[in-house]
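Student: The structure under discussion is supplied below as structure tokens; questions concerning it will follow.
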Amino acid sequence: MQIKTIMVIGAGQMGSGIAQVCAANGYDVYMHDLKEEFTQRGMNGIDKNLSRQVKKERMTEDEKQETLNRLRPTTDLDDAVHADIIIEAAVENMEVKCNLFSRLDGIAQEHAILATNTSSLPITEIAASTKRPKQVIGMHFMNPVPVMKLVEIIRGLATTDEVYEAVETLAKNLQKTPVEVNDFPGFVSNRILMPMINEAIFTVYEGVSSPEDIDTVMKLGMNHPMGPLTLADFIGLDTCLYIMETLHEGFGDDKYRPCPLLRKYVKAGWLGKKTGKGFFEYESN
Ligand code: NAI
């Protein structure tokens, strides 16, 4: 199965990162979002990232231009007809993803693979919203995509070996390290990471310590490169809440209960770095 053209759905922090890495490695990429201002924001972010690469002499100005030329921002989902694989990176919400997959199934070519970058939602359930569950798979990149090496590849119940191998090859061509994971809530990465982040939020909620000090404990005491609350802000607190809800519902165990303070921040629109405020404050992007 030859992959030449890729469509990425969602031009947010993950989608734009995935589109950038695909284009930088020679693929033609359609980057889709709901509105032109969103695709434009994604393109601006990519431009800024690539300029930084040029400055650090990791890429020439010509290579940057070639990468940008391979990217096509679009608000038309029908462009999915051009793609050999569609990688969905819209919001972490089952209804949104199932709706998208069902529409994409009707548009995409027969051979096309439908992949999702979901952080925690069951691949098998997303696949069931299509007539091609054999060609549906999880391709879970880490944030920030251009920097992080790992891709978790998650097979749905029906995913074929051929589709798995095509996605594994694609991940390697993107200079990533793929790891095979079974379809359980949160996969491996977020099943381990999110309860730690949620516990750090409970520690703030119960007044045990300040966000700064909690992050310092984990950085200096456990040698984590980034504290859990800063990491939560980078991931997006809405995404963290969706993942905790998926773990809570999927395993039915109260140890996964989202912290009320996390819910409160999300309701306030304090979503972390992307909105300028979460547990810490950030310059607006
Ligand atoms: P984000 O909020 O930065 O971006 C989401 C984008 O999707 C927005 O631009 C939004 O306009 C667009 N969108 C929403 N509904 C859409 C639709 N129906 N059609 C097309 N575009 C639509 O979110 P982020 O962080 O990029 O997350 C995207 C996905 O990646 C989620 O499933 C998340 O769980 C997953 N993910 C997130 C990670 C993180 O660290 N933030 C890490 C790995 C996976």
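The backbone N, Cα and C atoms fix where each Cβ goes, and this holds for glycine too.
Because the structure is a prediction, the values reported are computed rather than measured.
Taken from TrEMBL, the feature NAD(+) binding site covers Gly10, Ala11, Gly12, Gln13, Met14, Gly15, Asp33, Glu92, Lys97, Ser119, Asn143, Lys274. Per TrEMBL, domain '3-hydroxyacyl-CoA dehydrogenase NAD binding' is recorded for 6-183. For 186-282, the entry in TrEMBL reads domain '3-hydroxyacyl-CoA dehydrogenase C-terminal'. Positions annotated as site 'Important for catalytic activity' by TrEMBL: His140.
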Student: Can you tell me the mean pLDDT for the domain '3-hydroxyacyl-CoA dehydrogenase NAD binding' (6-183)?
Tutor: 97
Student: Does Met14 (NAD(+) binding site) have same-chain partners at least 6 apart in sequence with Cβ under 8 Å from its own Cβ, and which are they?
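Tutor: Spatial neighbours, sequence-distant, of Met14 (NAD(+) binding site): Ala89, Asn117, Phe141, Asn143, Val145.
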Student: Counting other Cβ atoms within 10 Å of each Cβ, which of the recorded positions Lys97, His140 scores lowest?
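Tutor: Least crowded of the recorded positions Lys97, His140, by Cβ count within 10 Å, is Lys97.
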Student: Per DSSP, to which secondary structure element type does His140 (site 'Important for catalytic activity') belong, with helix, strand and coil as the options?
Tutor: strand
Student: Give me the Cα-Cα distance between His140 (site 'Important for catalytic activity') and Gly12 (NAD(+) binding site), rounded to a whole Å.
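Tutor: About 15 Å separates the two Cα atoms.
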Student: Only counting partners 6 or more residues apart, tell me which same-chain residues put their Cβ under 8 Å from the Cβ of Asp33 (NAD(+) binding site).
Tutor: Ile9, Gly10, Ala11, Gly12, Gly15, Thr39, Gly42, Pro73, Thr75
Student: Let me spell it out: for each of the binding-site residues (Gly10, Gly12), count the other Cβ atoms within 10 Å of that residue's Cβ, using every protein chain shown. Which one has the most?
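Tutor: When each Cβ's neighbours within 10 Å are tallied, Gly10 tops the list.
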Student: Report, as a single number, how many Cβ atoms besides its own are within 10 Å of the Cβ of Asn143 (NAD(+) binding site).
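Tutor: Asn143 (NAD(+) binding site): 15 neighbouring Cβ atoms within 10 Å.
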